[in-house]
Amino acid sequence: MLLKLAGVSAWIFFTIFILLGLVSAEDPYRFFNWNVTYGDIYPLGVRQQGILINGQFPGPEIYSNTNDNLIINVHNSLPEPFLLSWNGIQQRRNSYQDGVYGTTCPIPPGKNFTYTLQVKDQIGSFFYFPSLAFHKAAGGFGAIKILSRPRIPVPFPEPAGDYSILIGDWYKANHTNLKTVLDRGHRLPSPNGILINGRGPNGTSFTVEQGKTYRLRISNVGLQSTLNFRIQGHKMKLVEVEGTHTIQTTYSELDIHVGQSYSVLITADQPAQDYFIAVSNRFSTRVITTTGTLRYSNSKRPVSGPIPGGPTTQIDWSLRQARSIRTNLTASGPRPNPQGSYHYGLVNITRTIKLESSAAQVDGKQRYAVNSVSFVPADTPLKIADYFKIKDVFRVGSISDSPPYKKMYLDTSVMGADFRAFVEIVFQNHENIVQSWHIDGYAFWVVGMDGGVWTPASRKQYNLRDAVSRSTTQVYPKSWTAIYMALDNVGMWNVRTEFWARQYLGQQFYLRVYSPVESMRDEYPVPKNALLCGKAAGRETRPL
């Protein structure tokens, strides 16, 4: 496959990456050449400084198949360092490519870095985003589609079309102003609006043919708000959540928490006209709604009637919906064997980790924490320091397995974990807001969630048969969520809130999944093209 992308010959990329030893000969490869710049955008009707990728806001969609190698050359034309991360892409044995500051040195201004990702044993709907300096509030995000290989059966007929829909809350202020507010120790105000594919009210439309069925891949790429998605006069059949084929339940509206991705099927079975797509925030006394349009190709009428309403502050409604989302045990995943082949409910738990979020002032500034530790970045990416065995960058065990109930403090928090352990993690939320938690490098089973305080007796209500497997889960106010996770991916993995101001101000840590064997069978060595910074500057990776 010798493609030409953005003026850069694919054969040049291929030659480079064969030399680097990063392309697997048996799996296909796809090349992307991206230039990251600032540019004017007007999503809510006022001029803002946005982050563009190849001049696009949102950025280009990544289209791939299971096991593809994705070679993504990112040129940073911003005046400050930049990184991209890949929400839900597991980076098997290769956390160096994860694109967060704990794993990857930032791309300096005017320089480039080539990510080498393999979407190993994955299918589904995901997205990428910028991970540094509150850049996410300026754009730089885009959709990722991973299709099943042709010989792997999919549990629904091929749709007539496949649309990616990126929804998220948005501020009219530039991200630099928002970052300044946070750096000064203050909270951000509520967002000003909601975007659909980077556009404000009535700015986005999708065309369908009457009688045909379409797949919509909906991701909440916003900064903090749970969003409710619905289409006037149409039902949505849920078929996939973050790489897991689900029981095909039909919904009139879906709650999509920040950082989450869903795939639904809709059938254009209504009279030929245009219909509202409505997205509104949840769990807020100030309801913000935006609209797009589902346009029939033979439409005889524009959108009309009231914008379809959705739930507002009802938590029980959302909790019931969340519990109804379950794994389709008989469907194939990325491999031909059924998704229910792995009986997670029969595996013995080797460790229970309880994580509590909190908000407090530290030295007169607003901070957020996990188990009393508010994360502060080190001067060197943790994974790079770990590989070179550089001292005094981080300490394994600097965050405890359970809440210590002590005053909040600052540290570069890293929790150690054994390769191939099977852990139970409980997210406890004592606050009055919905939390959304993501773990890089993994998918986990959401076995239970309920109100109140988790106790060992709460395990009696776990779903140990067909819980959904995903990488981002919500925790409702004054509630808990429990997950099971098989630690089968060695690396340094970010555990974070998807409430982005909280993440920026410390509500995250790193899980160091470690194998003492230090074999390439378990983890790749540092990439030959890795950028080295901080205490690793001047060292060598590996010879070409």
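Note: Cβ is positioned from N, Cα and C throughout, glycine not excepted.
Here is what TrEMBL records for this protein:
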SIGNAL    1-25  signal peptide
DOMAIN    36-149  domain 'Plastocyanin-like'
DOMAIN    162-299  domain 'Plastocyanin-like'
DOMAIN    380-516  domain 'Plastocyanin-like'
DSSP tally for the domain 'Plastocyanin-like' (36-149), helix/strand/coil in that order, comes to 7 helix, 52 strand, 55 coil
Could you give me the DSSP helix, strand and coil counts for the domain 'Plastocyanin-like' (162-299)?
-> 9 helix, 69 strand, 60 coil
Give me the mean pLDDT over the domain 'Plastocyanin-like' (36-149), rounded to a whole number.
-> 98
Three-state composition of the domain 'Plastocyanin-like' (380-516), taking helix and strand from DSSP = 18 helix, 61 strand, 58 coil
